[in-house]
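Per TrEMBL, the features are:
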BINDING   Asn11, Glu380  Mg(2+) binding site
BINDING   Lys18, His209, Leu210, Gly211, Asn212, Gly213, Asp284, Met285, Arg286, Gly329, Ile330, Gly331, Glu332, Asn333  ATP binding site
BINDING   Arg94  substrate binding site
ACT_SITE  Asp151  active site, proton donor/acceptor
SITE      His182  site 'Transition state stabilizer'
SITE      Arg242  site 'Transition state stabilizer'
Amino acid sequence: MTNTPVALTLNAGSSSLKFGLFSIGATPVAMAVGLVDSIGRTPTLKASFGAGMPPLGRDLTPAEASDHKSALATALALLRQHFPEAQVAVVGHRVVHGGPSYDGPMRLTPQVMAELRRLSPFAPIHQPHNLAGIDAAVAAFPDAVQVACFDTAFHRSHPWVNDTFALPRDYYDKGVRRYGFHGLSYDYISGELNRTAPLIHAGRVIVAHLGNGASMCAMLGGRSVASTMGFTALDGLPMGTRTGQIDPGVIFYLVQQEGMTIDEVRDLFYTRSGLLGLSGLSNDMRALEAAGSTQANEAIDYFVFRIRRELGGLAAALGGLDALVFCGGIGENSRLIRERVCEGMGWIGLDLDRARNAAGDTVISTDMSRARVMVIPTNEELVIARAAKKVVDADSACAAGRPNVRNT
Ligand code: ADP
């Protein structure tokens, strides 16, 4: 282990920092994954360290995670305690927005950082936190290679009709486009399908990433052709606290008739809507499933209805359906949601096997089902670690005098 290079992966959200440590020998292998949550409020730390090691969880003092910088220092102290000899050669970062041109991971240079800062207004809730995570990592590992992995990159294969809004053309040129997000998750699922079910991978697949953030992606031959998220990670499915698709006329009404400021509308749409807003109870699907109240049930009804509606629309974009894949916290764990999404969907070729669904099998459709239904746990951290390894390998190849390696 001592001589094997190590990659640190960082995924900085608004109030959380997910981290992973991977040895990047022949293939990346996770040594540790963890989460600092509720940064700046009442922070907590969770981490697990490979097979056989008990997971760790504890409350942090406010000073241990008052901001992203101190949260990273706390995570690193934990990793150093467990792996005192690990030398971090590369840090891979999840970055929400890569704009219209970045279609793969990028090595972070001052020029790339400047471009990512320029994109911040496109993702004001996420991008500044991602960039704060990068700044903190550069300070902590000044000699390590830093790599950005974009949630938008996987969708750059969208055809123009799924990339544009019906606005005057110059807005498209200015970057007002349907970018799509959750790309690291879709990238992982596409790779897993290729590895385990190549015929399905080659066909028409819809992936439903259902977590606190939720979206769906239509893939043809493993590449994204359409997704439910658009210019921001607000569009499409309702989420834990986000509206999902909404008539923009509602914004005019809230501002002009109810006197709300744009910042108040943004806060309403991002943090007080979705499952939380509809249920008046929680953004957490487990709490809604357990509650059984009318409002909680209606929030679930709306969530399921919108998934089914998008399923039909994305299948139309694909010209049919060969497989539906569930992933994300809800997709991987909620048999109820999977069952309700697939109910009565025989017309589109889905025939769910209830016993397989209840057992949490990988394939949860019947053997007679025209389209396969699958559950594949996603792994965004591994996608970041792979990208980080690729950059380090490319550096080594360049140093060895092989110039035909792309400098990403
Ligand atoms: P994030 O987008 O923050 O990464 P996750 O992918 O971790 O979110 O998903 C969080 C969601 O998954 C929450 O709504 C949580 O309630 C839901 N979830 C986790 N386990 C279950 C379960 N057993 N049944 C239903 N929902 C679950």
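Any Cβ shown, glycine's included, is placed from N, Cα and C.
Mapped onto this structure are the features recorded in TrEMBL.
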residue	record	DSSP class
Asn11	Mg(2+) binding site	strand
Lys18	ATP binding site	strand
Arg94	substrate binding site	strand
Asp151	active site, proton donor/acceptor	coil
His182	site 'Transition state stabilizer'	coil
Leu210	ATP binding site	strand
Arg242	site 'Transition state stabilizer'	coil
Arg286	ATP binding site	helix
Glu380	Mg(2+) binding site	helix
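Taking a C-beta cut-off of under 8 angstroms and a sequence separation of 6 or more, Ile330 (ATP binding site) has the following same-chain neighbours: Leu210, Gly211, Ala214, Met285, Ile337. Among the binding-site residues Asn11, Arg286, Glu380, residues whose Cβ is positioned under 6 Å from ligand 1 are identified as Arg286. Counting every protein chain shown, the Cβ of Asp284 (ATP binding site) has 16 other Cβ atoms within 10 Å. For Arg242 (site 'Transition state stabilizer'), the number of other Cβ atoms no farther than 10 Å from its own Cβ, over all displayed protein chains, is 27. Most buried of the binding-site residues Asn11, Asn212, judged by other Cβ atoms within 10 Å, is Asn11. Residue pair Asp284 (ATP binding site) / Arg242 (site 'Transition state stabilizer') shows a Cα separation of 12 Å. Candidates Asn11, Arg242, Arg286, Glu380 (recorded positions) were compared with Arg94 (substrate binding site); those inside 10 Å Cα-Cα are Asn11, Glu380. Figure note: comparing Cβ neighbours within 10 Å for the recorded positions Lys18, Arg94, His182, Arg286, the maximum is reached by His182.
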